[in-house]
Every structure is written in C-alpha cells, then in structure tokens.
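Annotated features, as they stand in Swiss-Prot:
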ACT_SITE  K252  active site, N6-AMP-lysine intermediate
BINDING   E250, R257, R272, E301, F342, R432, K438  ATP binding site
Amino acid sequence: MLFIDFCKILDKIEKTTKRLEKTDYFVELIDFIKTNGKPENLKQVSQITIGRVFAEFENKEIGIGPNLLLEAVKTTGISEKDLKSKIKETGDIGIAVENLSSNIKQVSLFSQALTLEEVYSTLKKLSEIEGNSSQKKKTRIISNLLILATPVESRYISRLILEDMRIGMNIPTILASFSNYFNINKETVEKIYAVTNDIGLLGEKLISGSNIENDSELQLKVFRPIKPMLAQLTPSIEAAIIETKMPQFETKYDGARVQVHKSDGNVKIYSRRLENITNSVPELVEEIKKIDIDNIILEGECVAMDLSSGKPRPFQDILRRFRRKYDIDKMAEKIALRIYFFDVLYYEKGLIDTPLKDRREILEKLFGTNNWDTELSKIEKEIFSNKMLFSSFKLNSDDPILAKEFFNWSLSIGHEGIMIKNPDAPYTPGSRVKTMYKVKPTLENLDVVVTRAKIGMGKRKDWYGSYEISVKDYEDNLHVIGNVGTGLTEDDLEKLTKIVNEIKIEDLGEEVILEPKIVLEVTYEEIQTSEKYEMGYALRFPRVVQIREDKSINDINTLDDVKKIYEIERNRK
C-alpha cells in the first residue's frame, strides 16, 4: 500500500472537526485496504492514525524529540532560519516541513514512491538504535525518509516521528469505525480492545475475518497488561451507598497502582502506565514467587512504608524506587515497599466478568481477609511488620456511620481515604465506572498536562517557572484550566526545564508550546467559573503537589471531572 494513499485520507480526517465525518473517513480507509491492501495494513494505519507504531502495552516509543527532528530536517536542505520562521508562523512542524518541501534535496526522479510498510518499519527501527553514534544514525534515517516523501507525506511523517498526528483522531473513533464497517456491536469491539490494548492487532484480526469474541489472541492474557478501572467522584458516603447497595469499602492507599502478572514461576510487575517495573522491585518479585499459585493477574497499590510509624512515606519515594536502574538493593534497604492487593483479574482464565465478591474470595485465599470490623487488632499489628504482601483492608456494610469510622481510621494511618465498590460489579478496564467511588477528606487533586511553559522571574530566571495546565474532554481535546508555578522546588524546576527543552515544539520567546507529556498533580483552593478560558472553569490558587512521572496524558482528569467537583463543592456550601 502506498503511503500517499493513506496520507490523502489522513488529510480529509484532519480537515473536518466533526467526529462522525472522521469516523466515515476511517471507514473509507478500511474499505480501501480491504480492496487494495493486506490485513497488516489495517494494523499499521490504526496505530499510525493515533501517532504510534507500537501497541500501548509494548512500552516502546519512537523516542525522537523535536530538537533531533529539526536537525534531521536541516540535513535535507531546508535552512534552520526558514524552518524556525515557518514553525513560528504555523505552530506545527509538520505543516512547516510540508510548506518548505520544495527546498528538500530530491533523489532521482525515478525513485520509487514510499510504501506504508516502509515508513512503518523504518520508524519502528528508530527505537532500537542505541550507542554513541545513535543520534547521527537516527538523523540520517529520518532525513532519507523526508527526501523520498511528497509534501503531504512529509507533514505526516514529521508528526508521526513526534507521535502527535494532530488530526483529532482517538481510540474511540477508530473503534466506532471498526464497529460500523464490520457490523459488530460497538460494546463488543470496545471490550476486546480494553483487554488487549492493541488497536492494530484488533484491526488486523477484524479485516482477516476473525471471530473476535472467540479468538484466543484477543483474550485477556498474562504478561499483556491492561489499563486500570477508574473510580468516580461521589458527593458523600451516603450517596455512594445508595448507588452500590451493600458496598465493599476499602482503604484508599497513598501509593502507586500496580498490576502483577505471574506464570510458570515468572513474575512481571507493571505500573498504571503499563511500564514494566519488575527490575526495580526485586524484593517484591521474590515474595510473589513464593505464593503457591500460578497463571494469575493481580491488581493492587504499591506503598512505600515507614515501618517505625506504620505510615506511608511520600509518593516520590515510590517513584524513586520505580525509576532506579542502579544500586537497586541499596535503595531497597532505604525504602521498604509493600503491595496491598484489591483485585484478581485472571486466574487460569479471565475473571473480569466475574463479580467483585467472587474475585475478592480468590484474593483472600492468597493474602488473608483483613476485615476491618472484625480483625482490627491483627491489621494494626501487621501494619508495623516486615510483611510485603497484603489484601486491602475492607469493610462490608451499608451503615454510613460505620463507614465514616472506617474512613477516619484509614486517614489516621496515613492514607488518602476510602473506596466504595459494588460487590456484584465486573471489572471494566480503562473505564471510569459507576460501580466504584472514592472519598477523600479534601478537594480532589487534579492530574493535568502541561501545554505551555514560561520563563521565570527573579530567582527563577534560569528555569521555566510558570506552566499552563490543561484537562481533556471525551474526544481527548485539551482545555486550559489555569497556570501554576507554586509548589515547585528548585530541583523540580531544574527537572522540568530539562524536559521542556526536549519536548518544546514552538518557541514564542519567553514562552514555549509543548508536546503534552508532562503530568502534574495539582491542588487548589476551589474551582470557579471563568470567562477567561474556553472551557468555562478555572482553578483558584493552584499549587503543584508533585510531578506525576507515573502518569501520561491518558491518565489526566477530564472536563467532566472538573464539572463534577465544581457541582459537589457548590452543593456543600
């Protein structure tokens, strides 16, 4: 399949803002591949359309930043001055390269047109290049691609290299296209994607005529992590009890979500971003290997513990453990970790359609019961132990007074609050569900993505000191909700400035526009209505709590979350 044929449809998708039209254009693309291409072409275009050449669970990226791309573009014959001027004018490196493509040194007029397969495989290879001369090799490969490309191809190659296609397409739109073209129930397609995290594989299977509901490659598998199920906000414990009937309450731990996979004695541990963190936590791996059970996927919260106080250490200590590559054993001696497991997603077979109460029963056979109302003395003793693996502390009750006591106790041992779960509910990967709620004592912190950065003043003049922050809507469009600079230490500012310089895509002088890759957790005095921002809301006195290196743009809060918090707080006043 020629890459230019793909780019023509990408151009149509980019030019419309209507989601239904984008869906129709992708259906047109599927039909073109069905007639003129191969099954693997749908795998390739499904990934490329959302700015990827790897499946999400593979934990790989092309790994090229804007600066290296600029260097590669310069070697094609485009001057740095013209390139920077055009980027400033258009705000888009892809459009800039396309507009300046007449300056690119062309190879023979008889050179073959680029194929989709060639572009896809070439960009996958970029991630594998390492060593002292890796930058030169990557620059040469990118340059060669651009020299062979037509103007519109150069636009999309440049954007794909940065993994930001800027065409307004996302996973739900592609899934809707699959559903329409192959005449399959949308919920079925969404569910199968949720257990594979591989839009390309799903597309290839569909166009090959697979019975996707019974295809073994499209089932939940050990060592292929899935996105976590997410909780809703609730205005009160009483409201959540009404929604969940006889709920299961659990402590909401001050830690990091992890997924543990075990099969044939092998253990892998994944973060909420599906990163493989196994090598960073060897003591946990050894403990899990001792469990007399196999072929299982567990979910829990990893907590850094201060064993002298029985309370969790700061969240940054967990990240220090997860990011550590050297002297891991020494770090393990300084920062003790434990996991509180709260779910079993797979045991010999997928369990996500099984009610929570039955999944919990399996969990308790492995790690004990930890019922707060009947085993409190045992729980409080074990909090100070060297034990590493626990089942989460829980309470089954519909009594709001007892639930509030459990909530206050969870806060007293240093954790964030409680979770309220429907015991009859299945597990829905990657979705924010109405069968699980979270209760915290203060305003819910927000996870936001940085979209711009501005040079600081005074003591901060050597760093980017102020950051524009945004949330997303259901179509993954970003909406500015404020600017933040307070709460950041000098170490934070130095770290952020380094990252900003790697991911800036447009320089406006004292301010730069960024790829949306930095996630911050922020607190604030309140959410208020505002005409300043298009979304209609703004954070009053936002303050950075921490840099969330464990989260990506996929994990940030939504416009709906902001509206819900605003309504909850307004009703409390």
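Using the three backbone atoms N, Cα and C, a Cβ is placed for every residue, glycine included.
According to DSSP, R272 (ATP binding site) is assigned to coil rather than to any helix or strand. Distance between Cα atoms for F342 (ATP binding site) and K252 (active site, N6-AMP-lysine intermediate): 10 Å, as a whole number. The Cβ neighbour count for E250 (ATP binding site), using a 10 Å radius over every protein chain in view, is 25. Across the residues annotated as binding ATP (E250, R257, R272, E301, F342, R432, K438), the widest Cα-Cα separation comes to 19 Å.
Look at the recorded positions K252, R257, R272, R432, K438 and count other Cβ atoms within 10 Å of each Cβ; R432 has the fewest.
For E301 (ATP binding site), the Cβ neighbour count at a 10 Å cut-off comes to 24, with all displayed protein chains included. Annotated pair R272 (ATP binding site) and K252 (active site, N6-AMP-lysine intermediate), C-alpha to C-alpha distance, rounded: 16 Å.
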